[in-house]
Every structure is written in C-alpha cells, then in structure tokens.
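In what follows, a structure is listed as structure tokens, so that the remarks can point back to it.
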C-alpha cells in the first residue's frame, strides 16, 4: 500500500523528511527563537526596555501565520492549529495536579449526596466504578493523541480532523457552551456556599462580584496563572479527600467521639440499594450514572492543556496515568466511606440542591459522628472546588473559542492571542457571560440556571464519545496509510479496544439519562423535566444536521486513507523518534516485572 497521502499528491513542492510532509512556507516565515520553556517567540516580541511599554505591548496580537492560499480549507486549518501562538508554560507538576484533582468538584463533594439518596451505597460504587473505567480508557486515548498532536484546541481540533467537519462543529460548539454556562453557575454556587456560615442573602451580589473578579484576574496571568492556581486548588482538594478517607476508616471502626463499630450496618439497614422494588432499584442505579458522569466532567482538560505544556511527550502520559489514582483512591474509596457512614435515607439528604454544602455527604458524615469544626473546613474546600471549576471554565472556553475560530467556525477575531499567549477575546467573552451570575439575587434564579444548564447538560458525554471515536479513527488511518504503532511515543495502555469500551459506556449513559429524564426518580414524568435533562441532545443533532445541509457534505466520516496524520506532529523525524522509543524500551526491559506493570498502567 502506498504511503503517499492526498495532501502530498496535491502539494509536490512541499518537502518530505522521514515520511513527514513539511510545508515549504514554514521555512520562509520570520525568524523565531526557542527559549528553554519551549515557546516560540517572534523577534518583534522582545522587550523595549520600558516595563510600562512592554506591559502595553503584551496585549498586542501575535501576528497570524500566513498559509498558502492554494491549499484546501482542511489543510489550512491543520497548519494554523499546528502553529499555535499559545505559550508552553505548563510544567509537569501542573499537569499532574490538573489530572489528579482538577475534576474533583461539587459533583463528588456535594452531588454524591443526591446519588446516595436516589441509588443507595452499592449504586454509588457501581455507577462511579463503571464510569471510571470509561474515563480511564478515554483519557489514555486522549493522552496518545495529545502527545502526537499537541495542537491548538487539542481534542476539539481532532474531531474535525479525524471524524468529520460537521461532527466537529456540533460537538465543539456544545463543549464551548458547556464551559460558557458553567462559569456563572459556579460563581452562583460559590455565593450560595457562603450561606453555610449564616451569611445574610443581601450580600449575595457582593460575593458574586468578588468571586467573578478573582477568577478573571487569575486568567489574566495567562496559562501560567491558571496552572499555578489549579496546582494549589487541586493540592488542597486532594489533601482533603485523603484526610476524609483516613477519618472515615477511623469513624467506621468506632474511633470517633460517639464510639461504636459501624462496619456495613447501613448496607443492611436501610439497604445497599434505594427503592422497594427491583424496578425502583434499577432506576436508582441509572440516576447514579448521570451524577457520576457529571462529577467526572473536566477529566479531558489534560488533553486541552497539552498544547501549552513544556514537554508534552513526557508530561502528558504521566498526567494521564494519574487518572487511575483519582478514580480508585479519591472517588471509589471516598464514596465507599460515604456509603458506610451515611444511610441513604438520612434526612439531611432529602430535597437538597446540588450546591447546598449542608447536604454534602462529607459534611453529614462528620457532623453525624460528633466532630465539630471540621464541617466548616470541608465547606471551605467545597468553596475552593467551586472556584477551581470556574477558573477552568474561563481557561477551557477561551481556548475552545480560539480553536473554533481557527477552524472557521467562529469569526476570526475569536482567534486573537496576545504576545503573552492569552486568548483575550475568548477570555473577555467568557468573563462577560459570567456576569449572568448576578441573577443570583433574582427569584427566578433556579429556573434561569436550570435551562442554561439544560443547553449543555450532556456536553461531557458528547466530548468523551468524540475523543474515543477520534482515537479509533486515528488508528484506522494509521493502518490504511501503511503506518505502524512504532511511531507512537506513547500508546494507550487500553489500546483501541479501550476506546470501543469508552464509546459503549457513553452510549449506555445516554440511555440511562434518557430513562431517568422520562421516568424521574421520586417524581412524575413531565415535558419540562425531560427537556431540562435532555435538551442538549436534540440541540447537538440540529447543529450537526444543519451543518451537513449547509456544507452539502453527506459523508459520515473522512476516509481513513485521506486523513492528515502528519501536520502538527511534535516530532517530525520519525527515524530518530523510533530510535529513542527503542532505547526507552531497552531500559524498561531491565527493570523488575512489578515496576514494568506499574509503569504501564500507572
């Protein structure tokens, strides 16, 4: 089979080096210098000698690269996204902490209480455990792609490149909407969390303004500000969850102030599953799947951050593998403790909202067993978790806007990136949308946010499913173009079958969400309730079909043999890369078996 792609046939003037096509125009661009942090800096970005002038100049736009007008639209997009002006300032420790603790938020700390009430303790382990296997496989697939293509937009660009332009348009717009809506939601959640200490509601707007300003300021420090903030936030969350697990073991064994061994008492009375009939118990398990998926939202941020990391080839695989620990240690063990310490019929869980810190099973477990002071500490951590998600919202949404603009899905102005690597227009638009949080003082607050959330409620599932399909399609393209896995510096431990499993689980969760939307737990069916839970599904379908009609593109997938699997690669010298991989394998072969197994999975 020939290794010559359609891109090479249409562009014979381009250079070819070790099997990789390199556009000759890259050789004529203005000179650049490569500093130790890995960022490409144009000569016109050097300092003027005046700090004030340098500060003003830092907001000026990085000159967009020029591409050959004779190239196809897809080829232009591939080149533009590969030459991202975003800065490479995220270090290994940043990615590690983002992977371990970045997604720990209200879904686990508060939302797990609702899941416990509707499903029971056994349902918690089934729901989070099953969802965790999907998340692990998805992140491993994303890690493989992100190491090869650390390009602008990350996985939001892969969908357009490896699946289909219409799929990328619909999926990526929905992903942008998710984070656009999340910012005001999290700011309001933070202002509600403060009520735990009996704060007067009249100060709600003041707290909204304070939290909004704090999140915006962090992001104005660029990716370095985001990375440092997430490092601190995640470290605090991780320490708290580990501390709770240790405390939970002590309390369960009778070491608390109230004394008395608990063991598996609450698994027998009131029971392991909520509900009186098999049908009710099954519905409870389905509802837990929905909450579990929500709690894992943000797990894909490691892939988005890859394009701004110093050394993605080494840092991204390490960070991706940390997901194993987040799932097993921070989710499964903490939820096991919750199920052992709090019965699913506890009155504090009834009628609680997803942002009510008093309804956090972590707080309830501590309060119930007579420990004073710690509930306030946990509430502070919940507040930090909420602000962490808000911080990630501006980061993810602004970068997604840049990628959408580079793919011609948004006006070109949204691709504005200044000399400090900040997507200023994206940050400004996302921050402005966050001002909707001031509706917190309105009586219609709940209704407004329910419908805002409905617009992107299933966004994470679409994103995760899209990543799995991208990985499957990429592997098919390698085979179709006569390329081997030996040119991959990092291969997903779960392989392509892991992506098939992840896609299967995403479909199962869509079905579970549909079932719960039609037949809600503890409530009667209603059209309003259904669309609040499932509105984003028809919305994505409308965007997908609408784009197909507009572009008159009726192909389901880009043919595997025509996919561009070269532009944007981190390493262009495949022979050198293969040699380095062989050396790394030889070194690993000298290690003990237990270490090799550990390194493969973790």
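For all residues, glycine too, the Cβ spot is worked out from N, Cα and C.
The topological domain 'Cytoplasmic' feature in Swiss-Prot is assigned to 1-95 (among others); the stated evidence is sequence analysis.
Per Swiss-Prot, the feature ubiquitin cross-link maps to 76.
Long-range contacts of the transmembrane segment (96-116) within its own chain (CB-CB distance under 8 A, at least 6 residues past either end) are made by residues 123-124, 127, 139, 189, 227, 230-231, 233-235, 237-238, 241, 287-288, 291-292, 294-299, 301-302, 305, 315, 318-320, 322-323, 325-326, 330-331, 334-335, 338-339, 342, 344, 349, 352, 354-357, 359-362, 364, 378, 381-382, 385-386, 388-389, 392. The transmembrane segment annotation in Swiss-Prot covers 96-116 (among others), and the record cites sequence analysis as its basis.
Sequence-remote contacts of a segment are chain residues at least 6 beyond its ends whose Cβ falls under 8 Å from one of its Cβ atoms, and for the topological domain 'Extracellular' (117-121) they are 127, 266-267, 270-275, 281, 284-285, 287-288, 338-340, 344-346, 349-350, 352, 521-522. According to Swiss-Prot, the topological domain 'Extracellular' annotation covers 117-121 (among others), on the basis of sequence analysis.
The transmembrane segment feature in Swiss-Prot is assigned to 122-142 (among others).
The predicted model assigns the topological domain 'Cytoplasmic' (143-165) a mean pLDDT of 84. Residues annotated as topological domain 'Cytoplasmic' in Swiss-Prot: 143-165 (among others).
Away from its own ends, the transmembrane segment (166-185) comes close to residues 153, 156-157, 159-160, 215, 297, 389-390, 392-394, 396-397, 400-401, 403-404, 407, 409, 430-431, 433-437, 439, 449, 452-453, 455-456, 459-460, 462-463, 466, 536, 539-541, 543-544, 547-548, 551, 553 of its chain (Cβ-Cβ under 8 Å, at least six residues beyond either end). Per Swiss-Prot, transmembrane segment is recorded for 166-185 (among others).
Summarising the annotation, Swiss-Prot assigns topological domain 'Extracellular' to 186-204 (among others) and lists sequence analysis as the type of evidence.
Feature annotation from Swiss-Prot assigns transmembrane segment to 205-224 (among others); the stated evidence is sequence analysis.
What Swiss-Prot lists as topological domain 'Cytoplasmic' is 225-237 (among others).
Beyond its flanks by at least six residues, the transmembrane segment (238-256) meets 97, 100-101, 104, 108, 262-263, 329-330, 333-334, 337-338, 340-341, 362, 365-366, 369-371, 374, 377-378, 381 of its own chain at Cβ-Cβ distances under 8 Å. Taken from Swiss-Prot, the feature transmembrane segment applies to 238-256 (among others).
Within the same chain, residues 117-123, 251, 339-345, 369-371 sit at least 6 positions outside the topological domain 'Extracellular' (257-280) and bring their C-beta atoms closer than 8 Å to a C-beta of that stretch. Feature annotation from Swiss-Prot assigns topological domain 'Extracellular' to 257-280 (among others); the stated evidence is sequence analysis.
Taken from Swiss-Prot, the feature transmembrane segment covers 281-298 (among others), and the record attributes it to sequence analysis.
Taken from Swiss-Prot, the feature transmembrane segment covers 322-342 (among others). Long-range contacts of the transmembrane segment (322-342) within its own chain (CB-CB distance under 8 A, at least 6 residues past either end) are made by residues 96, 99-101, 103-104, 108, 112-113, 116, 120-122, 124-125, 128-129, 132, 135-136, 139-140, 238, 241-242, 244-245, 248-249, 251-252, 262-264, 266-267, 295, 299, 302, 349, 361-362, 364-365, 368-369, 601-602.
Feature annotation from Swiss-Prot assigns topological domain 'Extracellular' to 343-376 (among others); the stated evidence is sequence analysis.
Per Swiss-Prot, transmembrane segment is recorded for 377-396 (among others), and the stated evidence type is sequence analysis.
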Item to complete: Six or more residues out from either end of the transmembrane segment (205-224), which same-chain residues have a Cβ under 8 Å from its Cβ atoms?
Response: 86-87, 89-90, 183, 187-188, 190-191, 194, 199, 305, 308, 387, 390-391, 393-395, 398, 420-422, 427, 431, 434-435, 437-438, 440-441
Item to complete: Taking helix as H, G and I and strand as E and B in DSSP, count the residues of the topological domain 'Cytoplasmic' (473-491) in helix, strand and coil.
Response: 11 helix, 0 strand, 8 coil
Fill in: Best-contacting stretch, by C-beta pairs under 8 Å, relative to the transmembrane segment (122-142) and drawn from 281-298, 377-396, 422-442, 492-510, 530-548
492-510
Practice prompt. Report, as numbers and ranges, which residues of the same chain sit near the topological domain 'Cytoplasmic' (143-165): CB under 8 Å and 6 or more residues beyond its ends.
Written response: 74, 77-78, 80-82, 84, 86, 171-172, 175, 300, 302-307, 309, 312-313, 316-317, 319-321, 399-400, 402-404, 406-407, 463, 466-467, 469-471, 473-474, 477, 488-492, 547, 551, 553, 555-558, 563-564, 568-570
